[in-house]
Amino acid sequence: MGIPNLLRFMKPFIEPVHIKKYAGQRVGIDAYSWLHKGAYSCSMELCMSPKSAGARRYISYFMHHVNLLRHHKVVPVVVFDGGSMPCKSATDEDRHKKRELSLVLGKEKLEQGNTAAAIDLFRKAVQITPSMAYQLIQILKTEKVEFVVAPYEADAQLAYLATLDADQGGIAAVITEDSDLIAYGCTAIIFKMDRFGNGEEFIMEKILETVKDGLCFQDFDQNLFTGMCILAGCDFLPSVPGIGTKRAYSLISKHKNIDLYWQVLSTLKLDKRYSVPDDYIDSFWKTLAVFNHARVYDVKSKSLKHLKPLEERYLNYLAGDLDILGPALAPSMAKAIAEGRLNPVTMETFDEFSRTISPIELIDTSALNVANQHGSQEILTQESSITICSSEESRDDSIAFAADEITSGEQRCNKGVLALGKFLPQKHSSPAVECKEVKPKNTPDNNPFKKRKLPTDQGKVPDQNELLIDLDEEAVVLCSSLSRESVGPAESLDRNGVSAGLCWPLTQESVASIPNERSSKRQSQQEAFRNKTNKNKDERSGLLKFFMRL
DNA sequence: ATAGAAGGCTCTT
DNA sequence: GCCTTCTAT
């Protein structure tokens, strides 16, 4: 993925950073990278029973990270991939086939009882489907998190947003794992951000002016930098065999002038050591055009734009063939895609039965089982309680868990705390008011946003084991990802049924600040919860309830 | 002998 | 993405 070895090559210019550096600013998120990481935590479930509650752990993972940003006052802007680029289809096919193979092999191993090997293969088989993205989008909507589905590459969309001012919907930096962002000329990128908010920062401006470890990009501009990336190999165009980041760098360094690319490419072609495919030069120009002028969605005009305005000279080497950027889309379509209503691959409306998932569902039922195992004593804390009413299995059980109590100062990720509560008997497995957030017109989706597809026959029937949350006058309902407290508990239980102590990624520092923060914030949170609660109540009429007494 | 590319295995909680 | 092996100088 991305440019092989580019990050290692650029290491001297990449510095540690904490997300709080961007407090008060908008930061873009490459949704795919978090979806993919989150999917590791439930790869088996995603492969074997995509509709189970367990298969949705990737959403919890994602929302945790979103909440980490919010905790640090960073405004997240989530960007999803849209349609696939024609020139990338070879790469995509390849990956897809490997994944399908792993899936088949994984199922075989599972049947043979070799779980370890199966899990291994399922991890390799994990794919991010449009359906997964769509489900996450429903959560983002209820959580009022800004998002946009790119017409094509999310990377291009992110790079575009990074060129805008915040008041125009722009972002100050991008969080991703994909080095393609560098090739797109993104100005500020945070790689490898962990659950505490620590990451590695790449600032384009610094790179272009600093000299370090024998590397000097002072004679480079953005365009040359992108050219170097392409020479080193990218998803759109494999490099000439034998050329990697180092040689790409020296090739560009040696010919730093306007006509450089012609010189670079001809020296390459003349060099007997390398065999340059005949169409390489042509492909090179086209790839450069993609990185420079990819189609992106412009929220202001609600239509497609180019990442950078098209110039005459690019039109030349494209020979007018703009289709390599992906087909142009009518504004109405671009808008529907961007807003997550239209599947960018099939151009069909998302299945109307795709369930709208309440944030509350993020609570994995396994958490309930855990609570059971541990007995209510152990999971009691005085401060708060959450009452959970599960639809089927736990109607008589008397337990729950809640959020709160982030104490132990010595550990940097402290105990997620369980509090008490009890399961309410379930009275209304009622024809629950359906969640009708989306009103599509036609048919089944199952079609991925992009490549990496997986047959996910979407259930038309809600899972039976969803949690139901009831409301109570004196209770404040927490919506799972609305606050630290709310998400903590569910996630703090790992799949072995043990409180994992990872309730919230807190640094020593932020742990120290919590008490004050909490008292001052509690009131407004209560208000917010109440509002939200009432709204949810109306909307979902009794589906999913989750109490917290304060 | 050495630099740089290519290939293999890992990644989550 | 990192670590190891391969290959060309």
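For all residues, glycine too, the Cβ spot is worked out from N, Cα and C.
Pulled from TrEMBL:
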COMPBIAS  A:514-528  compositional bias 'Polar residues'
DOMAIN    A:1-102  domain 'XPG N-terminal'
DOMAIN    A:141-217  domain 'XPG-I'
REGION    A:433-461  region 'Disordered'
REGION    A:514-541  region 'Disordered'
REPEAT    A:99-132  repeat 'TPR'
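Applying DSSP to the repeat 'TPR' (A:99-132) sorts its residues as follows: 27 helix, 0 strand, 7 coil. Mapped onto DSSP helix, strand and coil, the domain 'XPG-I' (A:141-217) counts 21 helix, 22 strand, 34 coil.
Mean pLDDT across the repeat 'TPR' (A:99-132) comes to 87 in this model.
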